[in-house]
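Shown next, in structure tokens, is the structure this report addresses.
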Amino acid sequence: MSHTAKSKTLQELDIEDIKETNPLLNLVQGQRIVQVPELVLESGVVLNNFPIAYKTWGTLNEACDNVLVICHALTGSADVADWWGPLLGNDLAFDPSRFFIICLNSMGSPYGSFSPLTINEQTGTRYGPEFPLCTVRDDVRAHRIVLDSLGVKSIACVIGGSMGGMLSLEWTAMYGNEYVKNMVALATSARHSAWCISWSEAQRQSIYSDPNYLDGYYPVEEQPVAGLSAARMSALLTYRTRNSFENKFSRRSPSIAQQQKAQKAEVRKPSTVSEHSLQIHNDGYKCKANGAIAGISGQKRQSVVSTTSSSDSLTSQSSMTSVSSVTGEVKDIKPAQTYFSAQSYLRYQGTKFINRFDANCYIAITRKLDTHDLARDRVEDITKVLSAIEQPSLIIGIQSDGLFTYSEQEFLAEYIPNSQLEKIESPEGHDAFLLEFKLINKLIVNFLKTNCKNIMDAKPRTWGGDVGNDETKTSVFGEAEEVTNW
């Protein structure tokens, strides 16, 4: 599809109608959803009349070039005010009195854009596991259509972290410096590493292993919550560091309030030693209630015995060494600690996540990440792709990031000619790009003052709309749950 300075206005969809089939839209306030007529995906699949969600702040100037495109991370939404709120506001990095700020929701996300929750017109049901593979480049091309419909002539700066950084890199590589003037990429990579691909696979396998997954054809109200929760816990560990968790949690027990946040199930007091052991063993198991499990211990034990063949009898002389018994009174048992604050935190995060995300969407977006490679279908040598990026670029890395390592940021800065590299010294790992607000704000403001001088020096426009949250407020969509608030 060709692009013009002013493309045909896109049809705006009624969000209330879409909410009937996608209740997760209730979590995003103030966004708009438009219908894109057509897009041919990289795979060759043709999309017709599909939705893209976005949210804006500020006003487009007369030249239609004061545009900041903010790209969200893996499970984020178009609501920048929620997950990067401390950067949004007058005289901040994302200043709506100077810039027209827009964040477009990536395809595969459950928050408004084309996703497994979208209704397939041909079947009248959700796409579910039949949702087509959408790449980072597909996102950029779909988002460009929306920008054209809004009259955007060029982008002053594209900014994103993690998956959002992948989109930022593709924006610059796909459209050049005539359209994209500057770039800021945080905690990202030129191509998705084997390490990251492996973590994505482990998280998908968590979902697949849930018996409620049903090949992806599960009812939305009965999605595989145990698998999705486990996937989220696994992901969170990659966003932090060993020292971050040790400093906060150590081996402490969770408080009553923390246990309530984690929705730790109340279990009945065990009446036998076996029930006591079973409750410890299955603590955290989400597929059955602990009380019910304890009540069937004898039955389960009997079923194991009854399936043993006579030749392997538990009473035979050859197997006597493997036979034992457990005795004692429950009141006399004093077990070692088995429930820790770190576990409580992970369970809380898992429970919080399943109430705001969809399992098929999680699978779709992690596969999107796996496709990311700036050199794919361009040239074999990725350094040549990076060397062709002409835009002034700010690369921000995190010294303790174990997912998108600092060496990967150094690689970007080494081969992108007009780039500067900044390091965030933080013990918080990958999530620091969503936590170190003051430093990130300072770095971006300084970069924009240098490279978007005309816009930054222009008289600010009056902007009385909503702005971001301060850093003490809890984010709904952010990758980071401020661990210090736990």
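The backbone N, Cα and C atoms fix where each Cβ goes, and this holds for glycine too.
Features as listed in Swiss-Prot:
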type	residues	note
DOMAIN	66-436	domain 'AB hydrolase-1'
ACT_SITE	Ser162	active site
ACT_SITE	Ser162	active site, nucleophile
REGION	248-274	region 'Disordered'
COMPBIAS	250-262	compositional bias 'Polar residues'
ACT_SITE	Asp401	active site
ACT_SITE	His430	active site
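Averaged across the domain 'AB hydrolase-1' (66-436), pLDDT in this predicted model comes to 89. In the three-state DSSP scheme, Ser162 (active site) falls into the coil class. The list of residues near the compositional bias 'Polar residues' (250-262) in space but at least 6 beyond its ends in sequence, with Cβ under 8 angstroms from a Cβ of it, reads 337, 339-341, 343-345, 347-348, 351, 486. Counting every protein chain shown, 27 other Cβ atoms lie within 10 Å of the Cβ of Ser162 (active site). Under the three-state DSSP scheme, His430 (active site) falls in the helix class. With helix defined as DSSP H, G or I and strand as E or B, the compositional bias 'Polar residues' (250-262) counts 6 helix, 0 strand, 7 coil. Taking the C-alpha positions, the distance from His430 (active site) to Ser162 (active site) comes to 8 Å.
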